[in-house]
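Chemist: Have a look at the structure that comes next, please.
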Amino acid sequence: MLKRVEPLRNELNNLESEADENKRKAEDIDAVIEQLEKSIASYKEEYANLVSQAQAIKTDLANVQAKVDRSIALLSSLSSEKQRWEDSSETFKNQMSTMAGDVLLGSAFLAYAGYFDQQYRHNLFHNWCSHLQQAGIHFRLDLARTEYLSTADERLRWQANALPTDDLCTENAIMLKRFNRYPLIIDPSGQATQYILNEFRERKITKTSFLDDSFRKNLESALRFGNPLLVQDVESYDPILNPVLNREVRKTGGRVLITLGDQDIDLSPTFCIFLSTRDPTVEFPPDLCSRVTFVNFTVTRSSLQSQCLNQVLKAEREDIDEKRSDLLKLQGEFHVRLRQLEKSLLQALNDAKGRILDDDSVIGTLEKLKNEAAEISRKVEETDKVMEEVERVSLQYQPLAQACSSIYFTLEGLHQAHFLYQYSLHFFLEIYSDVLTSNPHLTGVMEHTARLNVITKDLFQVVYDRVTRGMLHEDKLAFALLLCRIHLRGFSQEVNFEHEFHHFLRGKEGILPGQPTIHKEGLSPEQLEGATALSRLPAFQNLQKKLDEHENFTNWVESSAPERAVPELWEEGSKGMTPVGTTMHQLLVVQAFRPDRIIAQGHQVVSAVLGPEFMTSAEAELDLAAIVDNEIKANTPILMCSVPGYDASGRVDDLATELGRNITSLAMGSAEGFSQAEKAINSASKNGRWVMLKNVHLAPQWLVQLEKKIHALQPHPAFRLFLTLEVHPKVPVNLLRAGRVFVFEPPPGIRANLLRTFSTVPAQRMMKAPGERARLYFLLAWFHAMVQERLRYCPLGWAKHYEFNESDLRVACDTLDTWIDTIAMGRTNLPPEKVPWNALRILFGQCIYGGKIDNDFDQRLLNSFLNKLFTEQSFNPDFMLVSPGADGTPEKGIIMPEGIRRDQFLHWVESLTERQTPAWLGLPNNAEKVLLTNRGSDLIAKLLKMQLLEDDDEPAYVAAEDESGASLRPAGDGRPAWMAALQQSGSTWLRLLPQSLATLRRTKDNIGDPLYRCLEREVSVGAALLRVVRSDLEDVVRICRGEKRQTNYHRTIIADLAKGMLPAHWKKYTVSLGCTVIQWVTDFSDRVKQLHKVSQSCTSGGAAALKSLHIWLGGLFNPEAYITATRQYVAQANSWSLEELKLEVSVANPNDKPASMDECSFALAGLKLQGAKCVDSQLTLTSTIFTELPLTIIRWVKVQSEQPRGTMVTLPVYLNSSRTDLLFTVDLPAADSREAHSFYERGVALLCSTTLG
């Protein structure tokens, strides 16, 4: 068992040891496994780390690649910006160097320039730039004011708010945005008002007026709540606004208060106020001027031109207008968009957080900027092509736009000719709009050039038609000639004849009188002077030769209608002469040789330039119904202006009846009339009735308020307001501009006057018993016609323009009826001898008609007519109304019509010829020639006045000079044409005047001589005036050369002289109303020469030598004083009383030797006799206009009671041919047996001077 157990035990032990060994080995293996597992875990961890590191490296690599790509893109994008930034940086440096100058110019412009128009602003800015240059202050030479002071997006917004697209309005909008002192806007056209209301619409702007009852309430509300306030009618400024304009605020407990009247009001910081006026003529007091910034929206030539161009393109070329508008919009938007992109880039760069390469938004912005900039560049290239097309088409319509601007500014200048001619921009734009959009002549015309021609023709025609409805007949030709000039400048395919027009207006200014270079027998000195002036034009340089070759020239000069066959005295040139050129040169020939036919030839010029029908259409009878219904709107008053004595209210009544309208008529002139008128207007404007206010010229102050009331009205479309008035200078300008003016003048001529009387006096009144009444009425009608018609020939017909009118006729008819009824006592017949002729003559001559006469010779004339007509012989069948054989009348004269019935007389009147001669009125037939010559002179004077200095497109800038006297005017003669002409004229005038005049030396011996005292005063006045005139003219010439600085004093003189008007301070003695500068200078030169002789005579021969001088009475400054001095001299020498002396006159024969003069006689030279001639001191009627009198001796003698010899005629001695100044009277015998009344009827008179007549 042991043996069996022992091996087993051994085997167990072996097994156990093996097990232990295996266990140990297992433990070792477990340890190895554990070790290996640990290694595997660590390797896994290490692998994971390596994988994550590899991933991180990959990520870093991608990030670096992205950053590299980004930086390349950023550098690429920024490199294009780099150039702009570098340029901006360089510009910034320049801007820093010029900032002081730029800011000074900009702020000065905002503060001071607003009051002035575009031209003056340009001049002012130019002057400021010169001063800065002198002071060494740098500024940008190309400084564009609008771009510098505003942004492109601002300008776009302003234009969207109805601001006109021109520089002036843009500058004004800048001032309205950047003011310190509240703005005062001058806005005649209303464009600024509309813009402000649009611009501040979102801020709830309030519109009010100083005349508005709720003005105070609106002001308080705006101050409290900060709303903008627009206050109109600043001409009625209320000083309650002073604290607001001065910003007199105070702070109390955190509140900002302002005192308004008697109460304190909270002031909102957003409050602003705009003051505005529509009247450009208002003169504001200095205290208001110092509180506000003026902003002047008065339209300028360039701004109106661009407005008119826009309008015609909109109407005629809508496609082009849209392209043009889109183009302007795009260009503005492109500029704005680029600026916005540049701003957003800088913003993105600024907002980038951390590193710039990590921010994608910057790169995105840059990419966007780059792409959009490229897109914009592409579009700009496209717009260049569109721009070319737009410019080409615009160029086609540019002459029309320029003509529009010229026409409007011509209308603006018409008030120089007559105060009645005032026109608003709205009036002109209405005409323009009608021509473009409501023109029947455009129907069926499709071709653009043909349509433009129709529009151009109709524009001139409609402007003429509508404007001349409100013009006096005598001014219509002047306006037509101004339109011709505009037409020739803009549309003529030939030369514009500016030299010829200039000569027509100023031809005689540059020549010295009395030195003609042209000679021709049979021509007067005036004609030779005109020919000399004409020969200076290139076309007339061979005038002398042409005159010598022309055989029938004298016959042509003496013909009755020389304008029908004007001789060709000009050279036609190589290209020949067009019809317009021919008529222009004919006008100059007629002006030189037959000035009385200027009017007739002027019509020919208008026909040649604007067509033969141009002026005739306006002469047709007015179709008031069509005008009032279609042309005139409810808020436009209709002014029916008439010359004194003509009532237009009947036309309105007839019109209301014709159209079936209800009309309320009120006569003005009383206090209650005002309130009634206002009630009637308020009521009618709501229900569409018509209102007529009569004689409104009697209430000029009330009319100012009425115009403002009408402006504020919102009337019913059928409402119309008619105002009847006499042509009166006190009618407010704004009312004339706001309304539509119609002028009514009675047609000229005896026949028309008689027909008017017959239509005024009712038939039953004229046919009342007794039967002779109608004949007396006819005599009265003929007398009234003569009295009125002679007014056309003032000062020959009457010495002055008396207001003989329909009311005189009415009172005369009442007087006639009263006396006839009293004498007739109901009988059907009244013998001629029973008619109270004497009573009628006295009442008509002393009260009704004579009551208005203040000239003794006019009274004699009136009595002469009454004595001829109101006489028993007027009932004879052969009674002469116009004596036979009088010039231009039928052989048998004009006989009073037979009969005693109204219809017989009316038939006779209707059968009269329409063309009368002055002989019908008792005047010589050459009176017509005098009248027409005067009208021709008036035409030229008016054209000169209406010429604006701005007619030149060149700037009217006169450079100042620096302290050293060096001229600042740039090299080259940049002066406007009017300035060069004025310099030439000024130099000519200076040559006419002597350098100085020696005054007389007073001694104790000569001071007692009345003649010496009189002439010493004359010489002193002449010497003082000569110094002033020479000094002024020398200054004007230096200013025109650019050698002297202007002052306000000089500006006034230059403005007057450029228009041919006499400066007010030169008028130290009486001159006629229409006296031109050249006439005055010539006359003054002659006066100074006479005074020089006086001075020399006194120096050599003492006071005693003065008596023997031949004195030109019209050349003395105070001729009455000389006549008085001669009387005193005689009285003193003979110890007679002044009352005992009477004046005798004798006229020497031209061939006689001058007789020696006694102590009581004095010699007068240069007297002219008008309407008669004097031979051997006896008067004879003549057909010549003036007769030069040889030496005239005046003698003071003692009054004696001897009978006068023959028929003595008392003649007036007038200072000049205007006959306004009666110096004294003289008695001369008549050569034949004619009665004195023939001399009075013909207006025979002595004139001391005709130079200034």
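Heads up, the Cβ atoms here are built off N, Cα and C, so glycines get one too.
Keep in mind that what you see is a predicted model, and the values were worked out from it rather than measured.
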Chemist: Match it up for me: which of 366-393, 562-589, 870-897, 898-925 does TrEMBL list as coiled coil?
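Modeler: In TrEMBL, residues 366-393 carry the label coiled coil.
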Chemist: Among 5-60, 285-340, indicate the range for which TrEMBL gives the feature coiled coil.
Modeler: 5-60
Chemist: May I have the DSSP-based helix, strand and coil counts for the residues of the domain 'Dynein heavy chain coiled coil stalk' (5-127)?
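Modeler: The breakdown for the domain 'Dynein heavy chain coiled coil stalk' (5-127) reads 121 helix, 0 strand, 2 coil.
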Chemist: Could you pull the average pLDDT for the coiled coil (5-60)?
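Modeler: Here the mean pLDDT over the coiled coil (5-60) amounts to 86.
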Chemist: Kindly report the helix/strand/coil residue split of the domain 'Dynein heavy chain region D6 P-loop' (634-741) according to DSSP, in that order.
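Modeler: For that range the per-state counts are 50 helix, 24 strand, 34 coil.
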